[in-house]
Amino acid sequence: MPQKELFVAACVGNPNNADKFREAGLGKTETFWQRCIGWARIGPAGLAALMLVACDGPQSSLDPAGYDARRLADLFWVMFVGALVIWVGVMALAFYAARRRDSDPPPEGAANLLILGGGVIFSIAVLTALLVYGLLLMGQLRAYSGAG
Amino acid sequence: MTDNETTTSREDREQLRKEQEDRLLTAWSAPKSWRYWSAVNNSEVGQWYTLTALGFLVFAGVSALIMRAQLAVPENDLVSPDLYNQLFTLHGSVMMFLFAVPILEAVAILLLPELLAARDLPFPRLSAFGFWCFLIGGVFVCGSIFFTAAPSGGWFMYPPLTTDPVQSGIGADIWLLGLSFIEIASIAAAVELIVGVLKFRAPGMRINLIPLYAWYTLVVGGMILFAFPPLIAGDILLEMERAFDWPFFDADRGGSPLLWQHLFWIFGHPEVYIIFLPGVALMAMIVPTFAQRPVVGYSWIVLAAVGTGFLSFGLWVHHMYTTGLPSVSLGFFSAASTAVAIPTAVQLFAFIATVMLGRVVRSVPMLFAAGALAIFVLGGLSGVMVAMAPFDWQAHDTYFVVAHLHYVLIGGMLFPVIAGVYYYFPFVTAKALSEKVGRIGFWLMFVGFNVAFLPMHFTGLRGMPRRVYTYPEGLGWDWLNLISTIGAFTLAAGFALIVIDILRPKGNQPYCERNPWNAGTLEWLEEMPDKPWGVRSIPVVKHRYPLWKDPDFIGKVDRGEFYLPDAQELRRETMVTSVLDAEPIQCLRVPGPSFLPMITAGFTGAAFIAATFHLYWPTLAAGILALASLLFWLWTGTAEIPEKDEKDVGFGLSLPLYQSGPQSVGWWAMFITMLGDAAAFASLIFAYFFYWTIRSDFPNDVTSEGALIYYALGVAAVVGTWLLTLGARYWNLTGAVFASRLAMVGAIVLALLSVAALLAGPYVDGLDPRLHAYPAIVWILALWTVGHIGIGAIMLAYCFARSLAGRLTPRYDIDICNVTLYWHFAAITGVLAPMLVALFPLAA
Ligand code: HEM
């Protein structure tokens, strides 16, 4: 697992880690933006690696050994990525709203659109899709294990 | 000449204003020295309530820290397994019942009158009674841990663990009786707040102008009214099983432990929204103020709040996904659980939109509001995850759920409450909290919270169950737990800083200027420091943000240019308006300080506490004393006959001082209380049918002919009582006072006969409630019914005495109107329950 190694190297004092850091653009002399770009390059890999490290373990539901568990782990990962994206989106929106400094505010119509689009249409769409996936999965699992 | 005239008239006006203020002050001042504790005004009671609830937060927080210290490393032995059980049970129960719900009622008691420009709540003594119940019950429940006698079955107290006397000890009784007592206080506060929002709004404040906070209070009050009764019904059944061995939850004798889960979660899930919506309500006040513009999407928000309220009653089964229910139920409740995310999203997007259209003023309350958003959204998303039944099969009862619930509760409630504390601190004390401490506190809390609870998602996914006092090494939980503990202590440090800032003496700090945040809503009319009368004169409201709309609004209110600027008779007075359009209909005199609420609460508490220790004679004695003090309180303090019919409230408007029937606040309070009572009755009926759906041996007996006759007699007597009560009201109104009194006596006699007949029914059938759940539920329904009839008989006797004493007359008939209303509901109970009990076994 190369990501895992990279992450471990970055964190746990591998003799090469200074090089790896520099490769990834994380030196002292870089500007702020260069450093951001560097983190952006190493970040997702690191995060993914962290996730993988965090997933194993004898009782872990993310280290599946059976059919049901595998399907459920898939469900989890789908929801996890979805949740992350939505959370980042909402936070970004809130930040934009709070930091907005241009002189005239957006029209009231835009605000209503936001409430309708974000609160109603977007959430109904996402939730319906998820519900269909989840319920189908439930049917399959129950049929497979002979319950229900 | 003209100059001279204006000067004198100005002087006159000043003089008049001064005199008015003196009179208002005499009427509204809080009592001094030891009598201070007899205060009933919403500002005093609201402050006590808030501080007490914060005290319980600290208590529950400390128990959480002890748990986190215990879990920091594997195989730790800081606390014993049993103490750990007590700690998490108390932590959860205290947080939910003694902090989260009460703090929001407390804040509402504090804010609501000022927000609606009323001078007090409709029933000040009832709020005081609720507060004293809360204090007594809370101290009793929390104190138990110092005797290692605290409940230890988890905050949802599942049987059969909690019905096993050896496993659970006295702790479960303390939980059941101590908390039921507090739930009753919560319902009382809810009734008070609902009537407040419906009837105490400033003239002109039509329903589309109600401040959002008040809307939320209305929704939450309604939810409390329908959510708490199922729990109280469940508490009664569980306590009957524990104390008298009636097998409601015992599968061997016809019962079912699942019934408890249903009753608990029919309460428990709305409870989560009862906690969360008031948090949103605070945000709905804070966000527009700091965006310096009216909230965007007012109607969307109201609709969403009401929608959340309704939906939240259809989700409870998602706490029971692993109990083996059929797939259809799981699918339905999965869908309902995800659906509730929609109105929640609407509310949050409306706030973001408000911020977007406004120009944000940075402040500590806004910082906490932003933190709340970040935390709550994550909690909501992990909530959608566990709403998927198949995923919940994995996550159920693991630390994933612990993480999820804390994200929701801390983001949805704790952070908004702290935002509210910063925002409203000047409102309560006229002094500001430190901005700097607030920022440091915020960052410690925010970072600490995430460090503590984010890893718990993974601890849970890696298989760590909740409610374990320790864990072995090497399962991959060690580091995660240590990090969580460090985070928890960081969070606590931030919170401690804020508490210190709240408690620090602020003697030489200057008062805030008036309306310090430049808000637009009525509560900021208040002077700094506050005057005891609340608002100087009761304004006419035509706008959602009157203080922004009219720059001289504060001036007009202060100069007494609106209604009721005076208290000529030195009485506490405020205005009652109509439900929809807020047209003035009455000038209501609200009662002043009294020790009676405290005394009544003391006796009621004593009755509950004695019952916990199975001391039934002291229970009975305390119960009788409580009833006596209650009756004395009602007799001396309510339905007072005014010295004149009408009073001039200003603007040439004259309003009656006495109203009865649907015009009066008392009628509404009775109506709302009885809705809650009906919800409890419906829960018992639900239990009856629940047994029938899942057990083939239910009912295990048929009603005999002899019993049928008794039931029929009982029902006939109930109907007779009801008719005579109607007659008593009618004859009283038409001046036939003697006939009215006769009808009351007749009604009482019939009521007593119906009690005897309805008890004779199950008795002649020889039903033994200890043998099987069927006789047990029949007896519970019978006792519930005769209990209501008995209370109704006491009420009729009260009316009879009032009539003899000349306090109930054809013109002044509140008492009999309210008692008739009670009897409408009691009669429904008294007809339905016996019919069900008598006839259903024959049909089934
Ligand atoms: C101050 C920070 C808090 C910390 C460090 C904390 C920590 C904990 C811990 C360690 C548990 C027990 C987990 C287990 O053994 O299963 C727990 C359970 C719980 N907490 Fe908290 N908590 C905090 C705040 C809150 C708040 C503000 C609320 C609600 C308003 C709350 C409600 C609950 C509930 C309902 C439970 C479940 C109790 C049970 O399993 O019966 N907590 N918390």
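Each residue, glycine too, has its Cβ placed from N, Cα and C.
The domain 'Cytochrome oxidase subunit I profile' annotation in TrEMBL covers B:34-554. Averaged over the domain 'Cytochrome oxidase subunit I profile' (B:34-554), the predicted model has a pLDDT of 94.
Per TrEMBL, transmembrane segment is recorded for B:48-73 (among others).
Sequence-distant contacts of the transmembrane segment (B:129-154), counting only residues of its own chain at least 6 positions beyond either end whose CB sits under 8 Å from a CB of the stretch, comprise 45, 48-49, 52, 56, 59, 63, 82-83, 85-90, 92-94, 98, 102, 105, 161-162, 167-172, 174-175, 178-179, 181-182, 184-186, 188-189, 192, 467, 597-598, 600-602, 604-605, 608-609. According to TrEMBL, the feature transmembrane segment maps to B:129-154 (among others).
The transmembrane segment annotation in TrEMBL covers B:174-198 (among others). Residues 89, 93, 97-98, 101-102, 105, 108-109, 112-113, 116, 118, 121-123, 126-127, 129-131, 133-134, 136-138, 140-141, 144, 149-151, 153, 157, 210, 214-215, 217-218, 220-222, 224-225, 228-229, 231-232, 235-236, 238-239, 242, 579, 604-605, 608-609, 611-612, 665, 668-669, 672-673, 676 of the same chain, all 6+ positions outside the transmembrane segment (B:174-198), place their C-beta atoms under 8 angstroms from a C-beta of that stretch.
Taken from TrEMBL, the feature transmembrane segment applies to B:210-232 (among others).
Residues annotated as transmembrane segment in TrEMBL: B:272-291 (among others).
Here TrEMBL flags B:298-318 (among others) as transmembrane segment.
Per TrEMBL, the feature transmembrane segment maps to B:330-355 (among others).
Sequence annotations record features per position, and here TrEMBL assigns transmembrane segment to B:403-425 (among others).
As annotated by TrEMBL, transmembrane segment applies to B:595-613 (among others). Same-chain residues lying 6+ beyond the ends of the transmembrane segment (B:595-613) with a Cβ under 8 Å from its Cβ atoms: 37-38, 40, 125-126, 128-129, 132-133, 136-137, 140, 170, 173-174, 177-178, 180-181, 619-620, 622-623, 625-626, 629-630, 632-633, 636-637.
Annotation source TrEMBL lists transmembrane segment at B:709-730 (among others).
According to TrEMBL, the feature transmembrane segment maps to B:742-764 (among others).
Under the heading transmembrane segment, TrEMBL lists B:821-843 (among others). Residues 667, 670-671, 674, 677-678, 681, 685, 688, 692, 699, 701-703, 707-708, 711-712, 714-715, 718-719, 721-722, 725-726, 754, 758, 761-762, 778, 781-782, 784-785, 788-789, 791-792, 795 of the same chain lie 6 or more positions beyond the ends of the transmembrane segment (B:821-843) yet place their CB under 8 Å from a CB of it.
Residues 101, 104, 108, 111-112, 115-116, 180, 183-184, 186-187, 190-191, 193-194, 196-198, 201, 263-264, 266-268, 270-271, 273-274, 277-278, 280-282, 284-285, 295, 298, 301-302, 305-306, 308-309, 312-313, 521-522, 544, 672, 675-677, 679-680, 682-683, 686 of the same chain lie 6 or more positions beyond the ends of the transmembrane segment (B:210-232) yet place their CB under 8 Å from a CB of it. Residues 703, 739-741, 743-744, 746-747, 750-751, 753-754, 757-758, 760-761, 764, 789, 792, 796, 799, 813, 816-817, 819-820, 823-824, 826-827, 830-831, 834-835, 837-838 of the same chain sit 6 or more residues outside the transmembrane segment (B:709-730) yet have a Cβ under 8 Å from a Cβ within it.
Same-chain residues lying 6 or more positions outside the transmembrane segment (B:403-425) and placing a CB less than 8 Å from one of its CB atoms are 95, 100, 103-104, 107, 110-111, 272, 275-276, 278-280, 282-283, 285-286, 289, 363-369, 371-380, 382-383, 385-386, 431-433, 438, 445, 449, 453-454, 456-457, 459-460, 498, 502, 517. Panel annotation: around the transmembrane segment (B:742-764), residues 703-704, 706-708, 710-711, 713-715, 717-718, 720-721, 724-725, 727-728, 731, 775, 778-779, 782, 785-786, 789-790, 792-793, 796-797, 799-800, 803, 830, 834, 837-838 of the same chain, lying at least six beyond its termini, place a Cβ under 8 Å from a Cβ of the stretch.
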